[in-house]
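Here is what Swiss-Prot says about this protein:
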type	residues	note
BINDING	Cys73, Cys76, Cys79, Cys123	[4Fe-4S] cluster 1 binding site
BINDING	Cys83, Cys113, Cys116, Cys119	[4Fe-4S] cluster 2 binding site
DOMAIN	60-93	domain '4Fe-4S ferredoxin-type 1'
DOMAIN	104-133	domain '4Fe-4S ferredoxin-type 2'
Amino acid sequence: MPGKPVNLASPNERKLNFWERLYLPAVVQGLAYTWRKMRSPRYTFQYPDELWYPPDSYRGRPVLVEENGRPRCVACGLCARACPPLAISMQAKEVDDVKEREPAWFEINMLRCIYCGYCEEVCPEEAIVMSKEYDLTFQSRDEAIFGLEKLLVPAERLKDRLEWLDRYKDPQYGQHWEFRKENNLHSLKDRPFLKWLLEEEGMEELKSTHLRPEEPVAAERSWGGVRAEG
């Protein structure tokens, strides 16, 4: 014998009247809400005639900072190692400069990039940053692979993002550590300091080891560390 249907309605549940069973009040309420929203300010843009300008914290496509006509990047490879979708690849080359290395070629596959910003977080030179560019179109897969010619952007155009990074880093570390540029005196970001050493101190050449002692420090001697020569 099939079971009898069970009424699951609560005994205290209010029964709908005739108009409510027709759902007309709900329809009128929906139309009234739509009419109110039609008269409120619009949130949409008439793209492409009107463009949206993102805030400084926006994570658009990653770009490389170009400083004095050269990439700030030292080709350390940290961004490529930190990239979750493995979208970044590069090859380093030696250069006659205080930074010693820069990328011979640098590529980002924009079809793989997820705009997470990890590359920007780990970069010790602030050489790769997230721009405000969000409108990307490609006609083929080859066009989606950006090389140095598409990635390099002058530092002046990225001033807002670089200043935002300086404000952003301090609160991240809280009371444990304060981000200071002078902690990185050997890096490309501190060219004024290096120029001062060359001109004021009369140094004919600047070695990458000039800011540290030639002999191993106490912490290195404890495990037998030896400084490599030149």
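Each residue, glycine too, has its Cβ placed from N, Cα and C.
Structure with Swiss-Prot features highlighted.
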residue: Cys73; record: [4Fe-4S] cluster 1 binding site; CB count, 10 Å: 26
residue: Cys76; record: [4Fe-4S] cluster 1 binding site; CB count, 10 Å: 17
residue: Cys79; record: [4Fe-4S] cluster 1 binding site; CB count, 10 Å: 24
residue: Cys83; record: [4Fe-4S] cluster 2 binding site; CB count, 10 Å: 21
residue: Cys113; record: [4Fe-4S] cluster 2 binding site; CB count, 10 Å: 19
residue: Cys116; record: [4Fe-4S] cluster 2 binding site; CB count, 10 Å: 16
residue: Cys119; record: [4Fe-4S] cluster 2 binding site; CB count, 10 Å: 23
residue: Cys123; record: [4Fe-4S] cluster 1 binding site; CB count, 10 Å: 22
Who are the long-range neighbours of the domain '4Fe-4S ferredoxin-type 2' (104-133) in its own chain, taking Cβ under 8 Å and residues 6 or more past its ends?
53-54, 58-65, 71-76, 78-93, 141, 144-148, 151, 153, 158, 161-162, 165, 184, 187-189
Measuring Cα to Cα, how many angstrom lie between Cys83 ([4Fe-4S] cluster 2 binding site) and Cys73 ([4Fe-4S] cluster 1 binding site)?
16
Candidate binding-site residues Cys113, Cys116, Cys119, pick with smallest Cα gap to Cys73 ([4Fe-4S] cluster 1 binding site):
Cys119
Consider the binding-site residues Cys76, Cys79, Cys123 and say which one has the Cα lying nearest the Cα of Cys113 ([4Fe-4S] cluster 2 binding site).
Cys79
Note the Cβ centroid of Cys83, Cys113, Cys116, Cys119, the recorded [4Fe-4S] cluster 2 site, then list each other residue of that chain whose Cβ lies within 8 Å of it, in sequence.
Pro62, Cys79, Ala82, Pro84, Pro85, Ala87, Ile88, Ile108, Ile114, Tyr115, Gly117, Tyr118
Round to the nearest Å and give the CA-to-CA distance linking Cys76 ([4Fe-4S] cluster 1 binding site) with Cys119 ([4Fe-4S] cluster 2 binding site).
12
Taking the centroid of the Cβ atoms of Cys73, Cys76, Cys79, Cys123 as the [4Fe-4S] cluster 1 site, which other residues of that chain lie with their Cβ within 8 Å of it, listed in sequence order?
Val74, Ala75, Gly77, Leu78, Cys119, Val122, Pro124, Glu125, Ala127, Ile128
